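Presented below is the structure to which this report refers.
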């Protein structure tokens, strides 16, 4: 099936429902989680029947529309890739994987077998180098084909979806660059490396670690997302406090466009200029371009020596307002901020506690919580407490100083350290918790996360208003049970912070549930913007958020982008229609 790993429900001899993750990919794999089902039952007021699943197994050969490319077209594509037929595909499975992402709507269509309701690419091709990419683009210009670049397919913005035929009648080819995954060179003295854009984050991090370096960029999707995808979406990672966002890490790019290779500021062999003042720069144009300007083939990135020490910590604070004040003060630490700090609201804190096997892992949170309540003479409640997880990287003396400062800040806001094991467990869960959404769908629950940048001055009222809007939208539709709504604060800035919202709803006996969910998510996004939040912090715009673009950018700016694109992509070969180009 399309899903090879994930959570399952098992019922023991006492009739208790335990959740377990299949496989051995994550630290949580194989462990029994006895509290997950009961947590969601209590939070949503919905009883979960493990024998009552929403969907059957997913076939490896999904029902989709036939390709618009004929045998002669496929032969032309195969010639591009040295007649290696396995590098061109029109199979239903490959086309389905490359025409969808990881949004709840994508997953719902896959699970319900309704991919024939959207357009999918007519073929998928895997070029192995710049020469093949250039040849493919030239062929596509001549044949009047549309190209959509594809990295890891982890987007949640519908950015790899094909425009409908009413907007784009030409054949569409998905260009998967994962074979372009080599580290071309490393300049250790300058601290930079030239890397092909198809490399996945996990592979890049592993290869650099073998050489004694870190890339500093660690998004939640690092296992599957690619360097090119990070640039095209203007990504951000959990350790941006120390290493910066992708725009701080990438120093140069090479791009294959409709008229040839695009590059800038040639600096000599195996080197790059740290900064130039030579007009508008290519990198700025490609950051957030979402496939509309060309195919990013490689990039020169900063690398750092592996840190001397890596440590974790966690804190429990009395309430969300105390947590906000705490991370606000941490943001003022400037260069002394820890590599990563996350503030989980009470709902996420309790979910994290439920995502534990007894008595290991995050069960320590409960023990720490009991001790904390005792020390505070029961002035706080498990129903108001929040948790921060912290990741430190640097020298031992640097980390020691960071902990001292954070300890002082925590004491100011009524916080107490709850241990490194809880902090590490929280980060370990990051890579497994995404599977929880797809598991929930099996038992009639839809869920999704969406992020925004929020100024400090608007953060508390925005969170409150957005949560309330979701609950109101849910109630007005008379949907089953209660919605589960939570948030966490992640990347910190001088001006504000990134906030993730999580929304989960039961859809049993709900007509067109994915559409209903999308309507509520759009209402939440509307509320976020109305209360001073951004349209996106790092997920990008794609087609999902494109309807909001006219409200956040001026028409003159949109016209400028369209005119610029037409100047070098006259036939709109890269007609993916994301963001301003939707």
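For all residues, glycine too, the Cβ spot is worked out from N, Cα and C.
If you look up TrEMBL, you'll see 500 marked as active site, proton donor/acceptor. The annotation FAD binding site is assigned in TrEMBL to 220-226, 233-236, 290-296. Sequence annotations record features per position, and here TrEMBL assigns substrate binding site to 437. Per TrEMBL, the feature domain 'FAD-binding PCMH-type' maps to 117-306. Feature annotation from TrEMBL assigns site 'Important for enzyme activity' to 342.
Cβ neighbour count for residue 342 (site 'Important for enzyme activity'): 24 (other Cβ atoms within 10 Å of its Cβ, all protein chains included). In this structure the alpha carbons, written CA, of residue 223 (FAD binding site) and residue 437 (substrate binding site) are 17 Å apart. Taken together, the residues of the domain 'FAD-binding PCMH-type' (117-306) have an average pLDDT of 96. When the recorded positions 220, 226, 235, 294, 500 are compared by Cα distance to residue 342 (site 'Important for enzyme activity'), the shortest distance belongs to 500. Between residue 220 (FAD binding site) and residue 500 (active site, proton donor/acceptor), the C-alpha separation comes to 12 Å. Taking only the Cα positions, the spacing between residue 235 (FAD binding site) and residue 500 (active site, proton donor/acceptor) is 14 angstrom. Residue 226 (FAD binding site) and the residue listed as 'active site, proton donor/acceptor' have their C-alpha atoms 22 Å apart, to the nearest angstrom.
Annotated pair residue 291 (FAD binding site) and residue 500 (active site, proton donor/acceptor), C-alpha to C-alpha distance, rounded: 25 Å. All chains included, 29 other C-beta atoms sit within 10 angstroms of the C-beta of residue 226 (FAD binding site). Cα of residue 500 (active site, proton donor/acceptor) to Cα of the residue listed as 'substrate binding site': a span of 15 Å. Residue 291 (FAD binding site) counts 27 other C-beta atoms within 10 Å of its own C-beta, drawing on all protein chains shown. Less than 8 angstroms from the CB of residue 437 (substrate binding site) sit 104, 107, 447, 448, 504, each of them six or more residues away in the same chain. In sequence order, 137, 149, 255, 256, 257, 258, 262, 286, 569, 574 constitute the residues six or more apart from residue 294 (FAD binding site) in its chain with CB-CB distances below 8 Å.
The Cβ neighbour count for residue 220 (FAD binding site), using a 10 Å radius and every protein chain shown, is 16.
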